[in-house]
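As annotated by Swiss-Prot, transmembrane segment applies to 9-29, 42-62, 75-95, 117-137, 154-174, 188-208, 238-258, 260-280, 309-329.
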Amino acid sequence: MSAYIIETLIKILILVAVFSALGGFATYIERKVLAYFQRRLGPCYVGPFGLLQVAADGIKLFTKEDIIPQGANKFIFTLAPIIAMVSAFVSMAPIPFFPNFTLFGYEIKPLISDINIGFLFFLAVGAAGIYAPILAGLASNNKYSLIGSARATIQLLSFEVVSTLTILAPLMVVGSLSLVEINHYQSGGFLDWLVFKQPLAFVLFLIASYAELNRTPFDLLEHEAEIVAGYCTEYSGLKWGMFFLAEYAHLFAFSFVISIVFFGGFNAWGFIPGGLAILIKAGFFVFLSMWVRATYPHVRPDQLMDMCWKIMLPLALLNIVLTGIIILI
């Protein structure tokens, strides 16, 4: 077995382990953040400051009975959470999480695969995760799951179009689909960040990301007050945990991608080294998603579709046209 294959396998194991742990810990952080906004304590009983709540929740998930509803399609019911997990982690392959570094005289590239269409790969594989809630809802033999599945089809496909069109303008400026090249394009300093050249694209992509991630206020797929848990209604135990973990893994992936594309990525930020800089940026966007959840109410499905097709899509197309004109001039 070649050194390249061994290195890649080690990177994959580290990536899955780290982001699985981060996904679990993010639940604790989110509950604490929401508690702060609502003037509550949040988790505080299990361990110091409630830090062991994550371990307690993990034990509960792994020991719960795995139930498959009567009349459900067992194969598809089991396949759906696997698709969610695989798409979330595979989409991270072209993301450069840190600058290159040397370990024991060997240069390490902290990404799985440096492909020249990295951004397209990220969007395409992430979009494949749309099949998870659709199949889960169709296979569950439950009316609430079916409604959640229908909402997933409409919402995720609609915003996939918007996010793809939105990101075309920054890619036109850089001239590359590689996330590594996009990062290097902004290496000149703070003012080279694409957020200053493409502020509209940043805002549109951030909103579309929240809709694709099923984050509040766009969590129509599993809105508790309307459809119980949506496509997840019949899931329990490990299968439910896989959906849950995939959602947080995708949140971290989008946070890193937004940091790389619009905020200079892992380039040094003043006196702050690049590795620490990208962690601060990605951490901020994870926190921002929690802040938005605590602040904004849910939107209705018709309001969401109106915003997508009547506001965001025309703005994305207008931004592409204006960017093309500016480049030609």
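Just so you know, glycine gets a Cβ as well, placed from its N, Cα and C.
When each of 9-29, 75-95, 154-174 is scored by its Cβ pairs under 8 Å to the transmembrane segment (42-62), the top-ranked stretch turns out to be 9-29. The transmembrane segment (188-208) shares more Cβ pairs under 8 Å with 154-174 than with any other stretch in the list 9-29, 117-137, 154-174, 309-329. Tertiary proximity for the transmembrane segment (260-280) is limited to same-chain residues at least six positions away from its ends with a CB under 8 Å from its CB atoms, namely 95-99, 101, 119, 167, 170, 179, 182-183, 186-187, 190, 192-195, 198, 201-202, 205.
Nonlocal intrachain contacts for the transmembrane segment (75-95), taken as residues 6+ away from its ends with a CB within less than 8 angstroms of a stretch CB, comprise 15-16, 19, 68-69, 111-115, 118-119, 121-122, 125-126, 128-129, 131-133, 135-136, 138-140, 178-179, 231, 234-235, 239-240, 242-243, 245-247, 249-250, 253, 256-257, 260. Residues 119, 123, 127, 130, 133, 181-182, 185, 194, 197-198, 200-201, 204-205, 208-209, 211-212, 214, 218, 220-221, 261-262, 301, 304-305, 308-309, 312-313, 316-317, 319-320, 323-324, 327 of the same chain lie 6 or more positions beyond the ends of the transmembrane segment (154-174) yet place their CB under 8 Å from a CB of it.
Through the fold, the transmembrane segment (309-329) approaches residues 158, 161-162, 165-166, 168-169, 172-173, 198, 200-201, 204, 207-208 of its own chain, all at least 6 residues removed from its boundaries and within a Cβ separation under 8 Å.
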